[in-house]
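The annotation domain 'Sugar phosphate transporter' is assigned in TrEMBL to 55-341. Positions annotated as transmembrane segment by TrEMBL: 49-71, 83-104, 124-147, 153-174, 181-198, 204-227, 239-257, 269-291, 298-317, 323-341.
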Amino acid sequence: MNQNKDIEQSIPLTAMPRASDVDRDLSHGEHIEVKISEPRAPSNQPKKIVIPAIIIIPIWMACSISVILYNKYIFDRFDGLNFPYPVFLTTWHLIFSAVSTRILQRTTTLVDGAKDIEMTRDRWLRSILPIGALFSGSLILSNYAYLSLSVSFIQMLKAFVPVAILLISFAFKIQEPNKRLMAIVLMISTGCALAAYGEVHFEMFGFVCQCAAIAFEASRLVMIQILLHGMKMDPIVSLHYYAPVCALINAILIPFFEGLEPFYALHRVGLLVLFTNAGVAFALNVAAVFLISVGSGLILTLAGVLKDILLITGSVIAFGSPISPIQVFGYSISLGGLIIFKTTGGK
């Protein structure tokens, strides 16, 4: 089970955007149960679709990189479409995902995991709503960071998420600190500090937004461990429950943060961009469902590291984001700590 948690932590959330990045992943840190079809299953039982690792890993990497670069392209004032309305775009993604998961529920077996969850009104109010609120805050703040920070710098800062999770877990006594964990915290923290120090175009507002997004995301993942302990949710099932909640919260916030300006500026992006952008974001979560059932934890961790490196490289090529040598050195230290954290099960 620890290995499954590690695999989930390698899936980015940006897919939603956050998704983030997302890398930051929608189901980061949640419990996963991989269902294996019995050899002699009844003929009326649908067969589980399995995609080989050599196929699904590149698909997942391509979707994750595409989502983040696509979002940045939409937001960017100089090299993109100049649509600086992350709350509106995130709300649109969530609405698209909420509708899409319900279509999949009626037409496929991808959302069958929801049948095993008894979602009472009390559980929804006590668990789904507060976790959804934290998720919404994480998505909004992370996307606001893209308005002023480079993709490469944000990706380097996201390496701090495991440290934030550990610190919150230590504070609430969910996990006991030990020498190995403290060494991991020190490695990743040092690497992130060097990456921030070496940033050529440092912007305080974006930096604060990304740090707050990390705090929201880490709090969300810890709350999942506390409030949804023992509940099995894959990325699509999680999206099925959280997307409507987050979409409603974001929709309420749009008038206060962005007003009617996003609607007046829709002509800059057009329907094709809106639907393809949301479609790629949703495809990332579908790919994540197949990803968690293939490969070992080490293979998927290394795939996640390779994806991050390719994303940073792609952002430099696409947007001309400069990277200093000290940032490369600092990020290398962070990645080393991240690999140790995931391959040791975070213990």
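Any Cβ shown, glycine's included, is placed from N, Cα and C.
TrEMBL entries are annotated by machine, without manual review.
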Can you give me the average pLDDT across the domain 'Sugar phosphate transporter' (55-341), rounded to a whole number?
90
Contact ranking winner - 49-71, 124-147, 153-174, 239-257, 269-291 against the transmembrane segment (298-317), Cβ under 8 Å:
49-71
